[in-house]
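Take a look at the structure set out below.
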């Protein structure tokens, strides 16, 4: 079974994330970036499926030069090859444009049996690109999988919702997005790190995908950020030490604020 | 005035609070039209009228057992007929998926996780979102197509306004793709009787400091009529179900009051609760980063502080 895993290079959530003042896009250059943590689960799941049978895992990303780090990490974990879509005209693309580019790249790779993604990115956290991608490719999407079983011609997943734990089944080819509950992503081994250096990474531009520059990027985006503002730090609150009366003081505060 | 479509979020006709919030927001932007999919129409209609729905589009197909594709198709069919000024859905995982497919179908811009939606005065919409773990507020607009906006719970105070709720039945046949993914079985979660986490006015959460014993957290939550949340550490340890996880990879909540018990306040957790109106914490470690966020904090053992607070709340309410 061949699998494509879509991954994203994101600013480190532990760092001070910010925007580019000139065009209100996410700053992806001046903040340390990495493979989105939530995508590691997708890479791991794809590797497990292929290791249990046969086939290969292709890791696909869109982003600036630095985004090759995300591919490298996935290759070190064990993915077989990488595709990096890179073009200056892509800067500022929104979810619709991103899903368009992913769809075109996957068509060029050849629509695989299974597309695996994380549940969302850790920067934009919209969580809609997987579903948009499935819609563009005319595929069923099984989202937020916490357990995955691939059968012949079908994929089934457990999804833990608020009111029920569901088992969902879809016909292949399909797209699956996985949660951080599904597995424990491996760390790249020394052997994996060495092997990754020899793995092929193709870089494709918009022209390679047959997408014109005016279909993507900031100017073509379907949405526009009109302003961004750092939230003011919260005013320093009252902190008391419990000296046998902490609970009563807490209840007193809640009464004062009319919660009780 | 142009119609604004609201996808009704309901359980067998019982409206969820988000629906009345969306109708209230829709009224700011145009004429609210509800889109009702599923069973229980008669039960829902009265509530939709009471919150200002002028029209109610009724999709009569039985779509139970299917995932979101048929709902997106049905909503697209209504949008084609109504030419709305905007489409509003609840920013739940399911709502966002419907919105994602709809946006592609309509070639329309999509904004999710909006905490406020206003008219931009020029026939468009202006949304507010909080991003990067609640550290920035972003205003955005949709520049192409019919704006599709997924709105978070608690983003508006529902206003009761009488609407005509004129019924329009929309014939609908799901596509083959819509039927290619199915729910084959569902195991209902045990009912706790507590409010739903993302909709609750008060949330009391427990973390590593509970050591796995959530009884004091639950008792305090119950005294306040609150929902119970958990940090990732507590969920990863298997102490509380993942569906209660508050944080980046769990639920993002924005209640009137958030009480963090034995939670250090790592960025992963802050991303899920930082926009709460009032924040209270109980933690043994006075250096815990959660104390940087709080309106009121108690440095102490939650097993001593919470029972005393629970008794005091019960006494105050008696």
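Each residue, glycine too, has its Cβ placed from N, Cα and C.
These features come from TrEMBL:
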- B:208, B:231-232, B:245-249, B:262-269, B:283: FAD binding site (BINDING)
- B:4-187: domain 'Electron transfer flavoprotein alpha/beta-subunit N-terminal' (DOMAIN)
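Sequence features, as recorded in TrEMBL, placed on the structure.
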residue: B:208; record: FAD binding site; CB count, 10 Å: 17
residue: B:245; record: FAD binding site; CB count, 10 Å: 26
residue: B:248; record: FAD binding site; CB count, 10 Å: 22
residue: B:263; record: FAD binding site; CB count, 10 Å: 31
residue: B:266; record: FAD binding site; CB count, 10 Å: 20
residue: B:269; record: FAD binding site; CB count, 10 Å: 27
Next on the checklist: Mean pLDDT for the domain 'Electron transfer flavoprotein alpha/beta-subunit N-terminal' (B:4-187), rounded to an integer?
Outcome noted: 94
Item to check | binding-site residues among B:245, B:248, B:263, B:266 whose Cβ lies under 8 Å from any chain A Cβ | outcome: B:248
Next on the checklist: In the three-state scheme derived from DSSP, which category covers residue B:245 (FAD binding site)?
Outcome noted: strand
